[in-house]
Amino acid sequence: MNSSLPILEQGYVTPDASSTRSSGQQPMDQTPQTPSKLPDKDIERNSIYSNDVPWEAHPERLADVRRGLKQRHIHMFALAGTIGKFLWKHARPCKALAEAGPLGAFLGYTVMGLITAAAELQYLVGAWLTDWGFSSPVSGGFVRHTTKFVDPVLGAVTGWNFWYSMAITAVCHIGLRKYTSQFVSRSYRSTTVISHVERHIVVTVFWIPMVLINLGPVRVYGEVEFGFALLKITLIVVLLLVGLVITAGGGPTHESIGFRYWRDPGPFRQLALSEGQTIGGSWGKFLAVWSTLINAAFAYGNIQVVAIAGCETKNPRVAIPKAVNKTFSRVVLFYISSVFMIGLLLPSTEPLLLGGDGTAAQSPFVIAMHRARIRVLPDIVNAVVLSSAFSSGVSCIFIASRSLIGLAEDGNAPVIFSRTNRLGNPWVAVMCSSAFGALGYLSVTEKSMKVLLWLINLSAVAGLVSWIILCIGYLRFYAAIKAQGYTRDDLPYRAPFQPFTAWFALVMVILITFFSGLRVFLAGQFSVADFLSNYVNIFVFLGLYITWKLYTRDRQIYRPATKVDLSEFEAIRQEREQNLTTLPTLIYMNISGLPKLGLFDRVFI
């Protein structure tokens, strides 16, 4: 029996009304109960700490992050947690349609959806959240699983890479100066409203509330995101219905579209190069479809919010798998269906698809509404899209701060980042992660905006690198199970088709990452700026990994499968023997038992 799991032998002690968790003292009336017999109202109403075990059993290094989220929060995060990027970053679906055609864009988003989908089909991320993350739900998400199942150095470098990606992505939702200006002027039909508002004030109005929401109790974050998620889901459903009406000829113009634009100008387009050149034939069509994958990857990003936020759910072993089952619905309903509808509404030769400036006016749905002469509704779409961008920015700061906590708890970042306040909020990690929001002021001028866009492209590639490590981590976890005589039947929840889907996703994400800048390799198309924006993050990641390995003098590439700590499997078996059904924390990993290989541990401790 693992000594870190003493609760298995003695049951859970239910405190009386005057709970003494903070003092570490046991109440006079100690009634041993299994967690399955705990009153549901106590689990739902009380603010429970990140590890729902007696105070004495908390590992010394774990932060007192409270679990204030409920199942409905996690379910909504899975459905609409990161829709904001797809809604406001309209250059992505517009660019996909203009470059690959309606069927090409649909295929590109579908292929990327197969890689990132979860739930019923159990593609990679769904399998990781269930088979892997579900059996070891800890703060820090897949970064800390990489530390445990692969290599501490790789986990540390991946953690910093993922944190940087999320922090920079939040900036992309803060720097919405052009979009906000357009929304204000269009809503109030005035050109003087925005002229008296300094551009930097608009950025501040976005930035400060994002920080304040993340500095509050996690339940506040949950309620805010829950409300925004409902708004986003409603908007997507309305847009799909409006698009269907327009296609059928129910708009003010009564023009039936059907599949007209799939016939002319056609379902596919050739890959366009500079100066009006194109690559013809089937090869050109294939490259055009391939170019949409990086756009789709940006839209599908941040799905890790389910697993990371799930660690602060009051019953993660129930909430996480239920939420995961909704992720595939999100992919099909909100992404693939939207791209399909856009291909029906607009021709791939529409000038506004690539002629806009990235504002809401470039939304394919808004363009279609203007073509159909629909009034008022475009302004409503503008307002909801603005709130969606804000919501997605809040989620990015949340994910970044929790990743930083995981780094601090493993000794790969200063321990101060794991410090929490009386509300159980990791305020130091939140402040550090949200500090990147200052880069949003780069959107004030046209010249500085180019720098911001370059950083955003870097963050997109950094996200793909994190997905690669996620795949490797799951495969090492799978290898450890086999090497130590366990089977997937020992898991509380299993995903089908493993490890084949993990290998499929790993190969595909590697190909997408390394060919994300395929244009720079074509004759006469090389650009230093484009090359760096697509590949510099890969070199930085490898350089940091090699440097960290040399500094720690660690020659081990990955932890041997037979030496991976799978002690939580014994807890699962014990749990089944005792017929426990709602025990959310007995299988939490004992991270404190890992060797200290963190850079900050070696320098400051």
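Backbone N, Cα and C define each Cβ position, glycine as well.
Just so you know, TrEMBL annotations never went through curation; they're auto-generated.
Here TrEMBL flags 1-43 as region 'Disordered'.
Per TrEMBL, compositional bias 'Polar residues' is recorded for 16-36.
Taken from TrEMBL, the feature domain 'Amino acid permease/ SLC12A' applies to 73-554.
Here TrEMBL flags 100-119 (among others) as transmembrane segment.
What TrEMBL records for 162-180 (among others) is transmembrane segment.
Long-range Cβ contacts of the transmembrane segment (226-250) within its own chain (Cβ-Cβ under 8 Å, at least 6 residues beyond either end) map to 72-73, 76-77, 79-81, 83-84, 87, 256-258, 333-334, 337-338, 341-342, 344-345, 365, 368-369, 372, 374, 377, 381, 384-385, 387-388, 390-391. Marked as transmembrane segment by TrEMBL: 226-250 (among others).
Among the features that TrEMBL reports, transmembrane segment is placed at 327-346 (among others).
If you look up TrEMBL, you'll see 380-405 (among others) marked as transmembrane segment.
Under the heading transmembrane segment, TrEMBL lists 426-445 (among others). Sequence-distant contacts of the transmembrane segment (426-445) (same chain, six or more residues past either end, CB-CB distance under 8 Å): 63, 65, 163, 166-168, 170-171, 174-178, 199-200, 203, 206-207, 210-211, 214-215, 397, 400-402, 404-405, 408, 416-420, 451-452, 455.
The transmembrane segment annotation in TrEMBL covers 451-479 (among others).
Listed by sequence, the residues of this chain that lie at least six past the ends of the transmembrane segment (500-522) yet keep a Cβ under 8 A from its Cβ atoms are 111-112, 115, 122-125, 127-128, 273, 279, 287, 290-291, 293-294, 297, 461, 464-465, 467-468, 471-472, 474-475, 478, 530-531, 533-535, 538. The transmembrane segment annotation in TrEMBL covers 500-522 (among others).
Feature annotation from TrEMBL assigns transmembrane segment to 534-551 (among others). Long-range contacts of the transmembrane segment (534-551) within the same chain, counting only residues at least 6 positions beyond its ends with a Cβ under 8 Å from a Cβ of the stretch, are 153-154, 156-157, 160-161, 457-458, 461-462, 465, 513-514, 516-517, 520, 599, 602.
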